[in-house]
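According to Swiss-Prot, the protein carries these features:
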type     : residues           : note
BINDING  : 250, 318, 325, 328 : Zn(2+) binding site
COMPBIAS : 7-18               : compositional bias 'Basic residues'
COMPBIAS : 19-29              : compositional bias 'Low complexity'
COMPBIAS : 1353-1368          : compositional bias 'Low complexity'
REGION   : 1-38               : region 'Disordered'
REGION   : 1340-1368          : region 'Disordered'
């Protein structure tokens, strides 16, 4: 079918929707060409099948295609049955050259390990090289598997299955017959030990365990990611659910550019789009006109004409309000026809992006690691000399594998001139390529010349990682001078050492001894020592001195205790009584005072703890009651409520008893009444009896009895209200003996008098008062103490404590103890954590009597002798004191000696400012090597460092790495050492001269590794993009166009980058540590270009581009262009993630979503409009408002475009019902209520929630009429001539309530019929010309805002007329 007839056909089709509906659903009959199939004689795989079915569908319709598909299925089954295709173990053919490939890899890795051992490369470079070697071997093995099957067994079942696309892919076949390859550990790091076998050969135990890491990870990932993916889909649906195709053509002139790839191919990116401009070929001939649908044949013609880019219409640039028009959307991919009106394209887009999320996740880890596929390695074809062209600029560069090479800074050409016959080899080198040859150098044939960069700076997303360098031998650390360690303080003031340059750390072998704390070396540095000699000695000395007690040894240590001070209670016996709950200890003094012990012998107590309490019943009451202090009695505010209040001055305590029962039962159980006098033993509530006689007070709440109080005393009925009044205030009065209480009533003893109500009338209750005398000083037993001259001292203190304060009411039935006398321990001049031991000691005179003794002990743990181990050497321990000795302060209790294991020379480490020596080293004879020089003269001096394999001269190679100790005659003594390469910025954990043991960490290498483009990156990356998250360490973006200047200041790690913007304008950009600069000196850059590597912050990109365009262009155009650039970048980024996983999604789906994310702007300054600063509003609306302002001459609103993540965009939709059903329901609804929002039910979700027909698909036609109705003005407004309308000030400009000037006789109607109007006019006597207020209906294109506040007057009028119910 020719393309010229195509546009005409399509437009006629879109005009008559009715005729289209009547036609066959697959495709209208006039489109089926019934073209006969061409004969095809080839193997048909999945791809060919797909195109066959598509061809059939296009040319022969649905019915024929389904019949064809059925026949194909039958054919497949029939022949599969006859061929008996099944998979057996024998079908897994391992390629023969596997062993050769593995051997090559092994050799490469051995060489790398050797380079590492000689300190030529760092640990990181070794690791990278190993992993890259295995990755490459794996790839080569896959090729070999392919070749093997293709050439030797093309009909192999496994090969057919994987190759036809039926099931499985090469990555799985590789694991069956190649090698399983590299695996990751649970932290996601690659283990550099690959699985060399495949499933056919079987795995070793180690390989099996390693591979099970990955398998577990796969299962867990799948489970977690399914949820993630589902949530992503839900957010996408929510943001795009109201995008429906609502019109045929929005008529926009804006478009997006689709560019061909490097090979001039468009693949499927043009198919299904409509052209925005005519496509003209080189000869000026029009290939296709605007609005032509691009089908595959037309796409092929455009490619053939060599057109590099085409402008097409896209949902991104569609100007339809809140929807997409058919022409901008293009084909609906379900049936490759122009999309229908009413199609819910938003939801289709959301599902298309969300659904592959689950597939994404399930692709578990394949190879990971740094892939070298982005760069092409070029080898020399001839032997010859290398020349660079004149404009070549290179700088030294170290590759990730530790190879010294050069990095090209400009584009130039490299030639290899052959030394003999042959053609000159010419090579175009792009900036960023790595060169492995030097200009003027000669190269043999088949040598790697360069790694050519793909030109554009490959944006790798990198992350910082660290790797520890672990020491392989014990010895002393020495730096090479090149490292130049620098002290870097961090925020906390800790200082770390960092290497500034690439260099080596050496460890020179020796026997290192760890010294215990406080051990002092006994030998001098440089002294010769013999096996068994003492190297260091540590002494344990007594801090205070005292009597020594040697305890029995436990395990491998003995305890030496020294009693520094003790305290004995001389006049008290220690008595134990056994009860069923254990032993209770008492102290009994000569005058029969008894103290109950709170601790027991064998325990420890601290300062201020109670040792014993006086057993004393004198202060025990019968019942609860009220506490009153008589004047004179004083207490301290004691710290602990548990122990009560300490008495500071003795005196009298008054106690008024009363019995309180706490009940909490139903009121029906009460057996007495409130105010009644009862006798002792009366049952007050079922099963509860009173202990004393007295007046009852009942407290109840909600028919529940709370408490019953019984107040004992004498009751006197009194009728005089004045007398009663005297005793009602303040809960009664104290009366002394002999005082008159009432006429004719005298107090016999001290009483508390209260007025009470009884069933018989008013009365006075005389309550008895008990007095307790409290002494000034508590009783204190006699003490005897022993104390060292400067040891800690201690004593006992007797304290009286009152349990209650003045005026406190004690609610209780049983009695309470009012006063307790306690013995407290007091220790002085001691550390807070010091404890005192409680012991029972025999009386020196009477052996049968036990006394309580408190002692302060100093304890020393003395270890047994140990035989030598790897780091400590042998130790010998001696205890220098005997049991019962009395020693002085500073006397030695025990010594520990460290003995030498081998003969050698002892050396002490370099010391800094008297820091203690924690290690020492013995250089043994085995740590040096003597090399016989055989008479050759060497230029080596003592102290020089050599590496194994170095040429010593005279045909001698160095047998071992190390340092030259001395050159004597014909022999050379070498101290064995091991070099470790450290890279710049590494953190050094050891200083020059430190002693290290095997397994210690020497340094931490800081390096950047490419994040594995693995799916664990996949979903979170897509989420990051769609949620528009700000990346942690984003790239530095250029803010204004100009020329780059890169400088490297002396002594600084980081280069400085500045952009010369012309006219003396320079902008300097700070480059953070560890950032790679992506631009070179003299390069031209535009606003928004990357200056350093790292992820782009989309918000910053939008802001930068908008600010740059805002000057030369009007704000609206600047916003449109900035949004456009951001949109393409976003679509591209998301596509990259999916493509890297082999998932194809049509661009238009992403465009629909991205359009929703970028549709809003933030108002900066409202100008004369009614918008609010900071408000988020659609760009379209602001444009309309600003156009209106331009007509009226008002100041327009200033705004900046914003990018909203999908969650934010969903919560910021016009429909509050949709937003509330998504997240934060309460907040959304509350805000909507406060703002008085209206929901116009435009999307699908709102309508589903309300329960209406959705405005898509078949429900679209009704919606269509509603749109048309909304577009027309109100009938009343049409008949209006009078200009008496004013705009309501509190409303948004896009929805107006027209209000008449105030008038006395006004009726207000909304949408009335003519007869109603007539009736109203006649009823109110209104003339025809009177103003009528009406709500103006907005036009279809206008925005209907949320806050529509109806005029209260209008509502009242409607209610009066009965056109609106009163309650609505």
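All residue numbers here begin at 1 and follow the chain in the order shown.
Note that Cβ sites are derived from N, Cα and C of the backbone, with glycine treated the same way.
A map of Swiss-Prot features onto the structure.
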{"residue": "250", "record": "Zn(2+) binding site", "Cβ neighbours (10 Å)": "19"}
{"residue": "318", "record": "Zn(2+) binding site", "Cβ neighbours (10 Å)": "25"}
{"residue": "325", "record": "Zn(2+) binding site", "Cβ neighbours (10 Å)": "21"}
{"residue": "328", "record": "Zn(2+) binding site", "Cβ neighbours (10 Å)": "30"}
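Highlighted in sequence order, 247, 249, 252, 313, 315, 317, 319, 320, 324, 326, 327, 329 have their Cβ within 8 Å of the centre of the Cβ atoms of 250, 318, 325, 328, the residues recorded for Zn(2+), and are not part of that set.
DSSP assigns residue 328 (Zn(2+) binding site) to a helical segment in the three-state reduction. In the three-state DSSP scheme, residue 318 (Zn(2+) binding site) is classed as coil.
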